[in-house]
Amino acid sequence: MFKSGFVTIVGRPNVGKSTLLNAIMKEKLSIVSCRPQTTRNNIQTILTEDNYQLVFVDTPGIHKPKHKLGEYMVKSASDAMKDVDLVLFLINPDEKPGRGDLFIIEQLKEVKVPVFLVLNKIDENPQEKVAETLKTYSELMEFQEIIPISALKGKNVDLLKELMFKYIPEGPQYYPEDMIIDQNERFIVAEIVREKALRLLSEEVPHGIAVEILQMKKNEKGTYHIEGNILCEKNSHKPIIIGKGGSKLKKISQYARQDIEAFLQSKVYIRLWVKVKEEWRDNQSLLKELGYKKMK
């Protein structure tokens, strides 16, 4: 008997959805940063074992939108809860249910498939706090399973996979067994660069950073030559991203190159520039160019 199913992971921004996905896959697949809302596109990640296949939809955190990009991210997360076989609602024990959590719960009550409550970061919180959070959420709605985990340390991740297998239906293998992600290489490369920029810039530059890959060519020796722009919204942000004597941009390129080489399994040369595009997050045509779906 072979089983297959689509699983979506939902939760507030920065709750650890991408970290959980990486722990399940044991590979770095989704942009992870300490900054909220760093996952912007629904990334379908495929886990294939001998007797099952799980297709994960890693979504942006649900939050109140402040611009067109925010509207896209919220719609993207909401749409992902439709037409799936299982929903994982990820929370942190050290945070009481806020407006964002209550908003998600109201949506989950309308879902016709099993919903798991997954408590992340249990290694960072005392058992009493975890138990208190469990009780609070259990009173808000009924969950098919409640699983405490540590996505970062991998604790109880195998148990979570076993429970997911239990709930998904019998079905075909939708993707080839060697396929682990359904996004193209350019998208992944852009996300890796953006992650490094977010990490290195910390709070120096607001969240309005995007990356566009201008060129990505592979020569006869198998080496990739990549060129791209880091987009920011204000002229004042440009020198911050570049850094003194180009030091910050050089570090972004260096750290990104290491991860891109691991992803592509090839040597990589990468050149990055910084370009100002004011209010790009409200520019519908530019959002489309960067791979974000058109809002209806």
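In case you wondered, yes, glycine gets a Cβ from its N, Cα and C as well.
Swiss-Prot lists 3-170 with the feature domain 'Era-type G'.
Per Swiss-Prot, region 'G1' is recorded for 11-18. When averaged over the region 'G1' (11-18), pLDDT in the model lands at 78.
Look at Swiss-Prot and you will find 11-18, 58-62, 120-123 tagged as GTP binding site. In three-state terms derived from DSSP, N14 (GTP binding site) belongs to neither a helical nor a strand segment and is classed as coil. Cβ neighbours within 10 Å of N14 (GTP binding site), excluding its own Cβ and spanning all shown chains: 18.
The feature region 'G2' is assigned by Swiss-Prot to 37-41, with sequence analysis given as support.
Residues annotated as region 'G4' in Swiss-Prot: 120-123. Residues of the same chain lying 6 or more positions beyond the ends of the region 'G4' (120-123) and with a Cβ under 8 Å from any Cβ of it are 15-16, 19-20, 90-94, 130, 148-153, 155-156.
The domain 'KH type-2' annotation in Swiss-Prot covers 201-278.
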The domain 'KH type-2' (201-278): DSSP-derived helix, strand, coil residue counts
30 helix, 27 strand, 21 coil
Cβ-Cβ neighbours of G11 (GTP binding site) (radius 10 Å)
23
